[in-house]
There are 2 protein chains.
Amino acid sequence: MKTVSESRAFGGVQGVYSHPSALCDCDMTFGLFLPEQAEDGPVPLLWYLSGLTCTHQNAMDKSGAQRWAAEAGIGIVFPDTSPRGAGVADDAAFDLGQGAGFYVNATEDPWEPHFQMWDYITDELPDVLFSAFPLAEVAQGITGHSMGGHGALTIAMSFPGRFRSVSAFAPICNPTASDWGRKQFSAYLGKDESAWAAYDATLLMRKRGFDGPMLIDQGTADQFLDLLKPEALAEAMAARRQGGSFRMQKGYDHSYFFVSTFMEEHVAFHAAALHA
Amino acid sequence: MKTVSESRAFGGVQGVYSHPSALCDCDMTFGLFLPEQAEDGPVPLLWYLSGLTCTHQNAMDKSGAQRWAAEAGIGIVFPDTSPRGAGVADDAAFDLGQGAGFYVNATEDPWEPHFQMWDYITDELPDVLFSAFPLAEVAQGITGHSMGGHGALTIAMSFPGRFRSVSAFAPICNPTASDWGRKQFSAYLGKDESAWAAYDATLLMRKRGFDGPMLIDQGTADQFLDLLKPEALAEAMAARRQGGSFRMQKGYDHSYFFVSTFMEEHVAFHAAALHA
């Protein structure tokens, strides 16, 4: 593992690290904030999965999460959203290929050799983090924005017991029924839609839900509401009697101004579960 | 004036606007955060001047200032750092030309026709702001980072009575004695160094100081300490018996992680003066 940079931030350290990924068959970069409390021993870990076009850097720079994580004594990891590099397949569209991994394991050409983001986030990166940093594997939460909200919700529901809490900012809620999903799943997973269901938060909510607290925020002025389909997940949560809050935030759009506005409450929400 | 974008943020609105500038002879863009309180009448205004390479966008996205401004009921303007465009002179170096206006009125070719940032920030942009937005001209504070800290300090000391409070993050303290200053002043102002003195915070502090509270933060791990010369301004402040705090923050570098870490305290510092 290579240290790309380390900056003091809010009494802790905002680092950027890169490591060779066997699963993605390329170097992968991530950001990690460790609060001052990590000097004294392992701290809880909050995963922040980013959206389309983002690298490890966007949320690290713009979400304001570190302020609240420092106060709560929680680490935050900011993974990249896809494999990258000259030898990695890509597409001219912003919503396919590099920057748009969609947190799935691709089975189709040309994506399969590198685009193994599901396993990267749930298997390989945890190994890296828990072996190299003072992080408490027993105290994990997960959140994300847009495509990253989709990732957070689907991963949380697919690994019962691993995450104590899950939240999302304007998640892609029902990708198998949206152009943010159908296009990418066709490319990464092939035409057989039965393979898609494991990566759809609404379908997973209908099937099994999440054993812990859940918090979703969605702006009412979001320019992508038709693609995000919050109504599908809201309905599924209520129908399952899933414990949690689905909040429609009046006037907010899809930007990081929306994310940063509600970040304090999301970190506090996770902190309550992680320190319980 | 054109509205480029408006996003709800922390209960208020983060806008981006552009307008034709007569002084800079090009379109200029700025960011403006208005808190919810602005719906009921004029609010105080904090100026945030950015550093080398920045546009109006960097601090708007990365400083986290809006959170605290919303709480304090204060607007924040994020001006650009130079004129821009195809017809505007530029230099291949990151520290000269577009993105590096240094908050001076250029008198030399090829810069003079557009690089009038001092007058733009102190004359033209205030006219735009106070005529178009609910901002209280009687309650202004000013801050900035690096080159923007230099701008904030020199402008605050040069317009007695206009700003109630001034602060800076890692300012260029003594540009007439630094390669961040001598190079640019030579280009923009010419070889006669007597014209440079009006744009040097340390020289202005020796000459007149600031009639109000002053707060400077500087990281001890800043990679540009040799260029910023904090010791010159610290000495001048103490020698003048200038009221204020000059804080060396242990372990912090020059990045926005440093700025965002101390932003809460800077906004609170200004809020105390602006609401007095």
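Placed from the backbone N, Cα and C atoms, the Cβ positions cover glycine too.
No curator has checked TrEMBL annotations; they are predicted automatically.
Spatially close to B:SER146 (active site, charge relay system) yet at least six residues away along the chain are B:GLY51, B:LEU52, B:PHE169, B:ALA170, B:PRO171, B:ILE172, B:PHE224, B:LEU228, B:HIS254, judged by Cβ distances under 8 angstroms. Secondary structure at B:SER146 (active site, charge relay system), taken from DSSP and collapsed to helix, strand or coil, is coil. Feature annotation from TrEMBL assigns active site, charge relay system to B:SER146 (among others).
Annotation source TrEMBL lists active site, charge relay system at B:ASP222 (among others). Taken residue by residue with DSSP, B:ASP222 (active site, charge relay system) is part of neither helix nor strand, so it is coil. Sequence-distant contacts of B:ASP222 (active site, charge relay system), defined as residues of its own chain at least six apart whose C-beta falls under 8 angstroms from its C-beta, comprise B:ALA170, B:LEU228, B:TYR252, B:ASP253, B:HIS254, B:PHE258.
Taken from TrEMBL, the feature active site, charge relay system applies to B:HIS254 (among others). B:HIS254 (active site, charge relay system) carries neither a helix nor a strand DSSP state and counts as coil.
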Give me the count of other Cβ atoms within 10 A of the Cβ belonging to B:HIS254 (active site, charge relay system).
22
